[in-house]
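The next block holds one structure in the form of structure tokens; read it before the comments.
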Amino acid sequence: MTAVRAPRRRASSDEQGGFDFSRPDEIVCGVDEAGRGPLAGPVVAAAVILDPAQPIDGLDDSKALSAKKRDALYELIVARSLSYCVASASVDEIDTLNILHATMLAMKRAVEGLSVLPTLAQIDGNRCPTLTVRAEAIVSGDALVPSISAASILAKVTRDRMLVDLHERFPVYGFNVHAGYGTAKHLAALREHGPCEAHRRSFAPVRAALDLIR
């Protein structure tokens, strides 16, 4: 499993103590995922520590933003965050562990890949992965906490790009349009062509398509 991260550098103790996230004694990373629901492709997670000296306007839940806005914010987050890491869990890991545990694994990888050690990880949703740092779950955190919003954008944009790449390999499914979600056209393609190696065989519609071609 590979992770995409900011160039590694360790913040000095003075720099780490200078954050102001309304939690002056904390170094907070926001964590979110993309791709729990689709029938194909990996689940992707991102962890982001924002730099208060370089604020980013317009951060929000990635699902509330247009693709153009997400792409623009992605570049700003990569350029301005103090540290970020994007990681994933593969289709094989999803099928072996189940989607919940694979998502927790991707989140853990993202946090552990940060070049600056956080003291607190704020996780979107109602569950936290097992981490070596303190963690708290925040329901709707991707719309409420800027660093989680940033993580949601990195995860979403990264995964969408992965699915565009998968479309080049498996064009009959339309991954570039629906990102692996179970749209009517995707389900029709599954029934006609059967699943490819990128499909999650632990998901019921994929299993049903397999049964049709046996």
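Each Cβ is built from the backbone N, Cα and C atoms, and glycine gets one as well.
As recorded in Swiss-Prot, the features of this protein are as follows:
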| type | residues | note |
| --- | --- | --- |
| BINDING | Asp32, Glu33, Asp124 | divalent metal cation binding site |
| DOMAIN | 26-214 | domain 'RNase H type-2' |
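Structure coloured by features recorded in Swiss-Prot.
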residue	record	CB count, 10 Å
Asp32	divalent metal cation binding site	30
Glu33	divalent metal cation binding site	27
Asp124	divalent metal cation binding site	26
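Under the three-state DSSP scheme, Glu33 (divalent metal cation binding site) falls in the strand class. If you take every residue in the domain 'RNase H type-2' (26-214) and average the pLDDT, you get 97. Residues Val31, Ala34, Ala45, Ala46, Met107, Ile123, Gly125, Gly141, Asp142, Ile148, Ala151, Ser152, Ala155 surround the recorded divalent metal cation site, their Cβ atoms falling within 8 Å of the Cβ centroid of Asp32, Glu33, Asp124, which are themselves excluded.
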